[in-house]
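Participant: Below are the features I grabbed from TrEMBL:
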type: DOMAIN; residues: B:103-295; note: domain 'ABC transmembrane type-1'
type: TRANSMEM; residues: B:46-65; note: transmembrane segment
type: TRANSMEM; residues: B:107-131; note: transmembrane segment
type: TRANSMEM; residues: B:138-161; note: transmembrane segment
type: TRANSMEM; residues: B:167-185; note: transmembrane segment
type: TRANSMEM; residues: B:224-248; note: transmembrane segment
type: TRANSMEM; residues: B:274-298; note: transmembrane segment
Amino acid sequence: MLYFVRRFAFFVATLWAAVTLNFLIPRLQPGDPAEAIVSRLAGRNEAIDPAQVRAVRIMLGAPDGSLLEQYVQYLGAVARGDFGVSYSYFPYSVTHMIGQTLLWTVILVGVTQVISFVVGTLLGTWAAYRRNSRVDSIITLGSTFLGTLPFFWLALLLIYVFAITLRWFPERGGYGGGSTPGWSWLFVSDAIQHSVLPATALLITGPIGWIIGMRNNMVQSLGEDHARLALARGLPRRRIALTYGARLAILPNVTGFAIALGGILGGTVLVESVFNYPGMGRLLLEAVSNRDFPLMQAIFLFTTIGVLVANFLADVLYGVLDPRVRRAEST
Amino acid sequence: MSTPVPAVRAPGADTEAVQVATRVLGRGTRLPGWFVILWRNGKCRLGLLMLAGFVLVAIFAPVIGRYDPRDDDFDTSAGPSAAHWLGTTALGEDVFAQLVFGARTSLVVGIAAGLLCTVIGLVVGLTAGYLGGWLDEVLSFFINLGLVVPALPLMVTLAAYSPVRGLTLIILVISVTGWAYGARIKRSQIITLRTRDYITAARFAGDRTARIIAHEIVPNMTSLIVVGFMGAALGAIGGEAGLAFLGLGDPQTVSWGTMLNQASLGGALLSGQWAWLIAPGAALALLITSFTLINFGIDALSNPHLRED
């Protein structure tokens, strides 16, 4: 039980630290980002709601009031989910903009992460089962080689070959100019067409970590006494590999997977930038280039909270799956 | 953990192995032992040669590149020719010159940010692991926090706020986001070293903590520190390229990341300038490969079973 309490305490503490970090980053910078935004909002000759100005101030720092007062106001705003108004997408709120892009990212990266995990774990298991064979060296050396290739470069090459030269798939974007977003078959098939290349790019590099992790864990667990005893007892090799090796070796990968799912939002910046995909990563970059600080801050906070929640769930899952961890922490 | 080999100082079998290796090599007996072990590993030798190639290119960039990488007096978006081996950019700059100068940026960022990450990781890991207690709890919390906060969004956010995006800022941003992994590994290594007999002996002999750390602990972590540095440098090179590709790099510096960014924006894909597109990515991949290969040898340094004698 102590294990779970400690993990929860860590989760709460990191959550607080992340929220505070988000509060401090804009305030540590020279100049006043909030002032710049407020003046830019005013410069548009659009009716500005004083409440919006106040929201920007709370998120990014107001010249009036002590740091502590600002901090309390900020915590309240975060708790209410009030992240202010986006500067570049005025008058939409930041939460509205994030909601617009969230699904794109979650579907694209979520699906590829699941496939990467399954493929990677299977390949890693196979390599470990046939360790030191030709299959093993092809899998390990191949994935090491692919791992050295810069991800965004690979993505550019995919665009060059399959979109521009062969014209098999659309070059960029999440859907064609002709179709309107919605749950119609036409739109969904168009969106799938657009997602093939980004998904391929993610799937080339995605399984590498799982392959290497699974192989090394499994080679190690097959060398442990219980696996050798099973071999001595004359159990079939395949059964030893699956029930004695893989079952143990998959543990760190399972928790790693939970973290990877949480990292979806963080890892998607590059792929969405290359393919101009309408997800949260591209929104973050747009926010950066437009100096849309409220939007940027909120995306960073969302991303971090996603990772923290996933991390906590992974810890809990690990404690449930592997009693040794619980015991180690209790003593 | 087998006994790591801090150069020639380590007593016993490892020194013998080094001496044997040096003798078998038959020449250059002045070479340090660690270098002999690295060199005798085929993969590592290849990696060292590749890295040496990159270092030479970076040093002699003005000679090899022939042009100023920022000189835009040439034809725009030209294909490869005798005058411009890899063609020119959309602005009329020589792609080959940019490629050669890009090696400088990657190496400088890799070494500087790698060192910074290693130093931060070493200080935090040493303090947390050796002193323990509440200090360990606090520092471990920060290590874990550094591990879970998503690096790229944090880098992007930090870089975005800064009014000036110099190379120093890039190095700092990368180090701030990348030190935690090394710190965690060093901390757990120190915890296992702390209870060894020779440390206890040194403590009873009245050595000060600083001396124990500097003379007893750090030498036994050499290979871990080097591997950590290589990993951090690798991450930093990738991080710089990624940031520069996203357009958040130092606009004054030519780097492989900015080259790919401009190739992507400048229509290298549409105009079919494959050389402009392929060269920076391939250079990046080769540099990363050389680091990966060298790491094989460093593993052999700490694990005698992996040596190719």
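A Cβ is built for glycine as well, from the same backbone N, Cα and C atoms used for every other residue.
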Participant: Who are the chain neighbours of the transmembrane segment (B:138-161) in space, where the CB to CB distance is under 8 Å and they lie at least 6 residues beyond its ends?
Facilitator: 124-125, 127-128, 169-170, 173-174, 176-181, 183-184, 187, 239, 242-243, 246, 248
Participant: Between the stretches B:107-131, B:167-185, B:224-248, which wins on the count of C-beta pairs under 8 angstroms to the transmembrane segment (B:274-298)?
Facilitator: B:224-248
Participant: What residues in the same chain, six or more past the boundaries of the transmembrane segment (B:46-65), come closer than 8 Å to it by Cβ-Cβ distance?
Facilitator: 38-39, 94, 96-101, 103-104, 106-107, 286-287, 289-297
Participant: In the same chain, which residue numbers or ranges, 6 or more beyond the ends of the transmembrane segment (B:224-248), come under 8 angstroms Cβ to Cβ?
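Facilitator: Sequence-remote neighbours of the transmembrane segment (B:224-248) are 4, 105-106, 109-115, 117-118, 121-122, 151-152, 155-156, 159-160, 165, 170-171, 173-175, 177-179, 181-182, 185-186, 189, 218, 255-258, 260-261, 264, 284, 287-288, 291-292, 294-295, 298-299, 301-302.
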